[in-house]
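Data block below; observations after.
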């Protein structure tokens, strides 16, 4: 038997087995060092902005080519948003303030019809956008934007119109953070921090995208669910009737109580707090939550919304929800929140391995 065991074939097989075992152990250790985070939320909640913030904070931001590639999206944003505001004014029977403004409105629609909305803004289109944005009827339409599908960042880009219209315009980081492009499929960012590799996945938030992914991420360490709390009086673009915040709460309930994610840490970002603060000064959350008895203040209103989300957790005894109020475009604030999230995930992983 000794002769058989010492044969070259057996020795080679033992070496192969040993090498395979070593590789498997290495893979297990590598995987143990990986932390998978899943970004979830309904459409337009700010998921992609959070992912971009992670790239800024932990991946050295964006290259010059990355920035230049986004110019067309920003040009198109200005054109399509203005067209939507003009259409909305027309639907309300509101005429623009002068014949000049009406002619400028035609220029905007001509850009769209000729499919030139992603091209650099010409001087005449710049003048049209600038004058229309200053028009009282357009400003009135923008104040009523909860009735139309105009991105929250529209005002930001119009304030930057002079810079954006310049011939040598290159988007800056804030421009990139304010861009709104619906996520389709899965987008991933990986970065090393505190001895771990964090792999963060952003998946499409629109209804048509959601059913594609839910069963694919049953091994994630944590879920960051993002809800835009300013959307308590806005409807979904998909059906033009469902209130966005209600849709977000329903999706959160599904994710929080889903069997695939019972062992995943649940982190909730109550996002767009800056827009929420602005809106509640004019419109109470009572428009959605009829039983709300609190004051029309940020503190009372957000406290009530926090409680509404917490009640959606069917197993509060075993599953804790970590909440943060966020403004996804504020890099300094997001950095503090992301650092907290990383500590939560690493801490749970250490407890799970008995190393804490």
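First residue shown is number 1, and so on along the chain.
Just so you know, glycine gets a Cβ as well, placed from its N, Cα and C.
Note that TrEMBL annotation is computational and uncurated.
As written in TrEMBL, here are the features:
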BINDING   44-49, 152-153, 177-183, 202-206, 271-274, 328  GTP binding site
BINDING   48, 183  Mg(2+) binding site
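Positions of TrEMBL features highlighted on the structure.
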| residue | record | Cβ contacts under 8 Å, 6 or more apart |
| --- | --- | --- |
| 48 | GTP binding site | 180, 181, 183, 187, 202 |
| 177 | GTP binding site | 49, 52, 53, 328, 329, 331 |
| 271 | GTP binding site | 41, 45, 46, 50, 226, 227, 228, 229, 326, 327, 328 |
Among 181, 203, 328, the most crowded of the binding-site residues [Cβ within 10 Å]: 328
For residue 203 (GTP binding site), the three-state class that DSSP assigns: strand
